[in-house]
Amino acid sequence: MDRGLSTGAHQADDGLRERTVASQSSSAPGLEALTATGEGEVKDKAGKGKKTYGRTPQGKVFTVPQTHDMVSQLLSPSEPKNLSDVIVLAILAAHILLLWRLPAGVKVPVFAFIYLFWRGAYNAGIGWLLHNQSNHRTLVRWAEKTKIFVNPATGQNPHANLYKLIKRELETKIPADYSFEDAPIEYNTWLVFRRLVDLILMCDFTSYCLFAIACSQRPFDEGTLMTVLRWSAGIVLVLFNLWVKLDAHRVVKDYAWYWGDFFFLIDQELTFDGVFEMAPHPMYSVGYAGYYGISLMAASYKVLFISILAHAAQFAFLVFVENPHIEKTYNPPPPRKRTIEQENVSITPQRSDSPSAPASVDEQVPHAPSYSSGPPPSVHNLLGFRNLDLYRTIDTSSILIQFLVFALTVLTPSTPWFQFLFVANAAVWRIWYSVGIGFVLNRQSNCKAWTRHFVKYGESPQEAWNQWKGTYHISMVMCYASFIAAVWKMYSFPADWGYGLVLLRHVLGAGLIALQIWTSVSIYESLGEFGWFYGDFFFDESPKLTYDGIYRFLNNPERVLGLAGVWGAVLITSSGAVTFLALMSHILSLGFIQFVERPHMQKLYGRSLRRDAGLTKSLKRSLPPSLQQLHGSVDKIFDESFEFIEELIDTARPKLAAGVNTFVKDTSALFQKYPARVTISRIDEDLAGYDLRDYSLEIEGTDSLSPNDNDQSGREGANARMPLDRRGDLKNLVFEYGSPIKVKWTAPLNHSKKDWIGLYRVTDNTSREVTRVSSQGRWIAVNEGSYDNLTCEKGIVSSDILIPASQRKDNENRDLASGEVIFSGDKLFWTQGVFEFRYHHNGKHNVMAISRPFEIRISRFDEDEIPLMNPTSVELSLFPVVRNCLDRDPQIAPETVDEPFGGLVERDGKYAKRVVFAVHQM
């Protein structure tokens, strides 16, 4: 729907492998051509070809050689072959031979296991590698640690034979513009990773086809016509799948096909057309149509179910691996705004005796309210389980109404009379949801009737907006709740799931329901709550018209996909009454789009509305000219028919009254919690030769302003009220909430490079020799390059600084190594309590040193001082706490009390929760 295109921010077209591409800065010398043209493809000196330039995370620029897809490399006789190709082909041949040799009774389970193994290697195995490469550069760090790409002549690579093998394999595949010795380690690592991907993907597809062959059959009661139709449909789906893959590879090339942006970036503006204009994530959505085509040809539910499982696993791969990398790489938070735009309003009072111009008539009107025409700020979202708030009337009402509908549906019998009542109830709510809500929106669009009603009684347009959202939400809930209740009443459990197409109808119906849910979620993600509740009907200063998300491919996704679930219910129930409800719902939805949304969008946005969406453009380009003209004629007839109906309705339009409910303002916050680091306690047997006196930990932090020596509250005994008698010079360590803590460590010169320091509650570990509690990510390595991730190195300041024996305080005659690390951000506990640091040996959990216990405390306001406080003192008290809660990050933490937060605060809800907790404790 076009009204959904009024979102808050414009996003560019998809980039690498369906990504939103952010422009990459080019600062490397010698690439003036790139920066001048914005492209990374530059003609060589002969002018015969183009070269693509890549850029490593360290900024090194190199030429990306041309490569070919895996099918051509493996099967094309014109492509050079190497040992890895022979191994892959041999494994594929072994799969085929196994199908031929196995007994008929074991072929299906064996190949089901083989396929699931390769599918797991794809989605779980490759997914794990890519996830760690994206977050910790794990694959590149493995290559750096093993030095397999370093020339053995330097004496640093102990794997000379492996080096020669890899060099020969890669240079055989890329004969031009490639030098194994000169290529960056990121590029060489990617090439080796490609060979692993080739093996897994080829075995995955081959084993699936062999499994389908093992399961293939022809139903005994199937006619010739049905067989021809089944095979024809299957072949069409397979050919369509093949076209999707080929066209996608034409667009993204090998770089995105093999997840090259997990290793390096290319300085190139990519143009996305073809299949990428047809559907979101075409490689993972319509790119699996061939699986269902093969299922049709095999006529096997086993193949169908394993295809659905594989498709679901691929979407999980997209959600948990690719999408986080896309957001991190191509959609970073907006740049920090250091300036504040002040409103042109003077708050300086004027003297009564100063001359002034006479006030206008409008200014002399008492209590004349003025309202902003812009949309209200986001405070509290309405949709989604995370935004459920039982203190809100609309949320409580929705739950109670749904519970009532559910109770009536379950407790009443499924007699014809009750079935009629439930179907009639669903029809009434659908009519209200489309016709009633449409009438209200039409009046709001033409004369602001809804807003004027509330302003007439002294309310603000924001209050009218809140009441409208409640009305629309409760109407939507009742529309679908009543429809589900009617479907439940009309549904009868199958007596025989194997009879006819019963099972297939249920599978297809469930798929259509899932499609509608996905469509609704995609629409909401593109629109936000402002667009979902038709905010541009209520506020003139609507956000800029954009086409992103699902609207990049479809102008009105709810026209077909948005109602797929109701037709899924028709397939599942095979009921005439449900078919009537589905048909009525579809007709009313089309009328709502034509008579309510479309006129308003044309009036509001005019010529900025596009005529054809991405899918329509792709289909039109593929049609011959005669069919394109026919398409235009059909559109004209369709528009004229709707205009006639619109004129007919305008002559006899009923006057409807609108209901009222309540709702408050919305907020935007994305909660993404990173999984905790799970560790297993291990005791290192090689502790001989290490003296615990050589290990030590000293900590420094920002002292808390809260008093910690005299905590008497009057509840103690007489002796406990006496001043604390200290027999040493050490005072309790009390640090600010969220402030970084510096840890200085010492260790023997021969200490393990895999030593690490963890942060724990004092009460977490009863043993002082071995740590048996997970650090949950609150740990830092003492040396860089010792682990396969970068997170544990965040915070290292210095390592292995020599301390001569003469500077030791314990008079020992051994030199020591020392270093510093800083714990901050996610490596801290965001609560109050008493904590300690532990120094561990060799990547294990043997404790070599424990720091002094220290307390994290939030300073509280004295109740006696609160009446004397002014806003300035409150701001100055909260300011350091807020900065600590935002990790003192200059990109998000304010430098002054008037400066706004950075964009990342809105994306990650942990920052808001930290601030709320701290203010509550204060």
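Each Cβ is built from the backbone N, Cα and C atoms, and glycine gets one as well.
What you see is a predicted model, and the numbers here were worked out from it, not measured in a lab.
Taken from Swiss-Prot, the feature compositional bias 'Basic and acidic residues' covers 11-20.
Per Swiss-Prot, compositional bias 'Polar residues' is recorded for 346-357.
Residues annotated as region 'Disordered' in Swiss-Prot: 1-59 (among others).
What Swiss-Prot records for 346-375 (among others) is region 'Disordered'.
Here Swiss-Prot flags 701-722 (among others) as region 'Disordered'.
The topological domain 'Lumenal' feature in Swiss-Prot is assigned to 1-85 (among others); the stated evidence is sequence analysis.
Marked as topological domain 'Lumenal' by Swiss-Prot on the basis of sequence analysis: 131-195 (among others). Per-class residue totals from DSSP over the topological domain 'Lumenal' (131-195), listed helix then strand then coil: 43 helix, 0 strand, 22 coil.
The topological domain 'Cytoplasmic' annotation in Swiss-Prot covers 217-223 (among others). Counted with DSSP, the topological domain 'Cytoplasmic' (217-223) comes out as 0 helix, 0 strand, 7 coil.
According to Swiss-Prot, the topological domain 'Lumenal' annotation covers 245-277 (among others), on the basis of sequence analysis.
The topological domain 'Lumenal' feature in Swiss-Prot is assigned to 322-395 (among others); the stated evidence is sequence analysis.
Look at Swiss-Prot and you will find 416-419 (among others) tagged as topological domain 'Cytoplasmic'. Across the topological domain 'Cytoplasmic' (416-419), DSSP assigns 4 helix, 0 strand, 0 coil.
Marked as topological domain 'Lumenal' by Swiss-Prot: 443-473 (among others).
Positions annotated as topological domain 'Lumenal' by Swiss-Prot, on the basis of sequence analysis: 518-562 (among others).
Taken from Swiss-Prot, the feature topological domain 'Cytoplasmic' applies to 584-922 (among others), supported by sequence analysis.
Under the heading transmembrane segment, Swiss-Prot lists 86-106 (among others). Within the same chain, residues 74, 114, 198-199, 202-203, 206-207, 210, 213-214 sit at least 6 positions outside the transmembrane segment (86-106) and bring their C-beta atoms closer than 8 Å to a C-beta of that stretch.
What Swiss-Prot lists as transmembrane segment is 110-130 (among others).
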Quiz item: Taking the transmembrane segment (474-494) as the reference, which of 224-244, 301-321, 420-442 gives the largest number of Cβ pairs under 8 angstroms?
Solution: 420-442
Quiz item: Among the recorded stretches 110-130, 196-216, 278-298, which has the greatest number of Cβ pairs closer than 8 Å to the transmembrane segment (224-244)?
Solution: 278-298
Practice problem: Compare 110-130, 196-216, 420-442 by their Cβ pairs under 8 Å to the transmembrane segment (278-298) and return the stretch that comes out on top. | Solution: 196-216
